[in-house]
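TrEMBL annotations:
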SIGNAL    1-22  signal peptide
TRANSMEM  228-251  transmembrane segment
TRANSMEM  296-324  transmembrane segment
TRANSMEM  330-354  transmembrane segment
TRANSMEM  366-384  transmembrane segment
TRANSMEM  396-419  transmembrane segment
TRANSMEM  457-476  transmembrane segment
TRANSMEM  488-509  transmembrane segment
TRANSMEM  521-545  transmembrane segment
TRANSMEM  557-579  transmembrane segment
Amino acid sequence: MRDAGLAMWATAILLLVAGAAAKEHKYKQGQEVSIWANKVGPFANPTETYQYFNLPFCHPKEGKEYKPEGLGEVLEGDRLVSTPYKLLFKEDKENEVLCTQVLDSDDLDQLRDAVAEDYYFQMFIDSLPIWGFIGKVEKLGEGGGGKQGGGEKLSLFTHIHFDVLHSKDQVIQVDISTDPSKTVDITTADKAEVEFTYSVSWKGTDIPYERRMDKYAKYSFLPQHLEIHWFSIVNSCVTVLLLTGFLATILMRVLKNDFIKYTNSGRDDEALEDNEETGWKLVHGDVFRFPPHLNLFCAVVGSGTQILAMALLIFAMSLAGTYYPYNGGAMLTSVVVFYALTAGIAGYVSAALYKIMGGTNWVRNVLTTTLLFCGPLLAMFSYLNTVAWAYGSTAALPFGTIVIMLVLWALVTFPLTVVGGIMGKNTKAEFNAPCRTTKYPREIPPLPWYRQTVPQMLMAGFLPFSAIYIELYYIFASVWGHKVYTIYSILFIVFIILIIVTAFITIALTYFQLAVEDHSWWWRSVMCGGSTALFIYAYCFYYWYARSDMNGLMQASFYFGYMLMVCYGFFLMLGSVGFRASLGFVRHIYKAIKCE
């Protein structure tokens, strides 16, 4: 109980820290409003970001100052630094000179590459994000622009205009724009002297401070998008109803006939022998024979249960309104914290299952459970962080953040897994199989190719994927693009539908497997339950090539690398769901008949 209390307090403190960016700021007339530059990078590659002053922009005269950031902000690649812009509350400015930069050939080469790759920059004004582009590319026709043969003209924006809305003493909204008439042609220049300027316009508004973030979330609530979201929900519900109807009318009817056949006490011995020659009752002595690689099996179920619990906690926080757009990486912070604090669930479930199935090496089981997800994640992170470091990107985590993550794992995740493992090891629960297991396993008869594991996995994963694929586009556009996703209620409904469909389809396939006298259903239920992850990862390739403009080694590494880990987590989570559903079903049908 004391550990649980400490965990709850730790969660509360970390989430309060993550939400610190949401605090209100009130200003007096002429008081300076802080402007923090965040990062720059190609618009098509949201992960490939660099520090703002990697490009030759105007530096603050008093020197650069870096803003302290929370864990979630660092994980998102944010690196906030002060700028020379001076915004004074309710004071307009017109053509204020920021600085005059003498750009040499190296500076111009940098800017040319940035403009050609459609670089954008991000700033924060009073915790409100704004974006702008470095420059623009213009296509030149034959003989256009005084040149022969066409080509491209690269123009650098030199003027920024800030439109700021205020309500009494608070900043409500900020918009940024560039003046197309104030540009510098950097297409072929070897040296240039550029004057950077800015202007500020303040206007009053009736929008209350509490609703100033609605602007960033309104995309999700546009009528056409809500219509698509609800169409996705209806489509998923129809899928669930069809599947439920299939199980009710076909599977349950078959089961009813099986129950009548197997429990008919008035049949003669010859009929009894004929009826027991085929069907799922014939393997009653093997169906509860524990699976091979027991340690790994239990670790998979335990880790999947932990990820499911973590997902439900994240949904609970989101439905409570904790997360809103650009709130300092609060969701990423929650993912890290909740994963650490739910480690005890993985340890307990894995160790308890391992013990009731006859496992004895519980130390090995705890270590396997601890490393099953964290191990591959650490390997992937090490590779991706090395790539980001080689690129000089802000996606590379600082050494201090890496130390914090390792300490969090060493002092929270691993100890809680061990504590959960000890509790699971000492559990008094028993398996209580409804049928006695025979000493020697029955040989599984030869099966057609479509009854093998891989075809069954493809069949099992397609239906749950079809129930969620419409929503996947909006999630990908938010995570790997510049859209904002805020309709967590719809996402939660889709998630519940995914869980239900996964459980139903795994139960159906488990029955069909037992009906052909294949009693090795334990691992098959996990593989079929988690197979939706294969379809999600296949969708990653479709989204990369058909739906996005992402390119380059770094972006590809982060996209396919981290999506591989996400899909691996989905595999563990849905695999544990499939196993639990199949176990309950198998217990039910064998409990309903008399097994000699």
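Note that Cβ sites are derived from N, Cα and C of the backbone, with glycine treated the same way.
Predicted, not measured: the structure shown is a model, and the values here were computed from it.
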Sequence-distant residues near the transmembrane segment (488-509) by C-beta distance (under 8 Å, 6 or more away from its ends) are 229-230, 232-233, 236-237, 239-240, 243-244, 246-247, 251, 311, 315, 318-319, 323, 456, 459-460, 463-464, 467-468, 471, 475, 524-525, 528-529, 532, 574, 577-582, 585
In the same chain, residues at least 6 away from the ends of the transmembrane segment (366-384) whose Cβ sits under 8 Å of its Cβ atoms read 295-296, 298-300, 302-303, 307, 343, 346-347, 350-351, 395, 409, 413-414, 417-418, 421, 557-558, 561-562, 564-565, 568-569, 572
| Hey, does the transmembrane segment (228-251) touch the transmembrane segment (457-476), meaning at least 3 C-beta pairs closer than 8 angstroms, sequence gap 6 or more? | yes
Near the transmembrane segment (557-579) in space but 6 or more residues beyond its ends, with Cβ under 8 Å, are 47, 300-305, 307-308, 311, 372-373, 376-377, 380, 383-384, 387-388, 395, 460, 464, 480, 498-499, 502-503, 506, 522, 525-534, 536-537, 540, 544, 550
Given 228-251, 296-324, 330-354, the one sharing the most C-beta pairs under 8 Å with the transmembrane segment (521-545) is 296-324
Long-range CB partners for the transmembrane segment (296-324) (under 8 A, at least six residues beyond its ends), listed in sequence order, are 15, 19, 22, 213, 217, 330-331, 334-335, 338-339, 342-343, 345-351, 353-354, 357, 359, 365, 368-369, 372-373, 486, 488-489, 491-492, 495, 522-523, 526, 530, 569, 572-577, 579-580
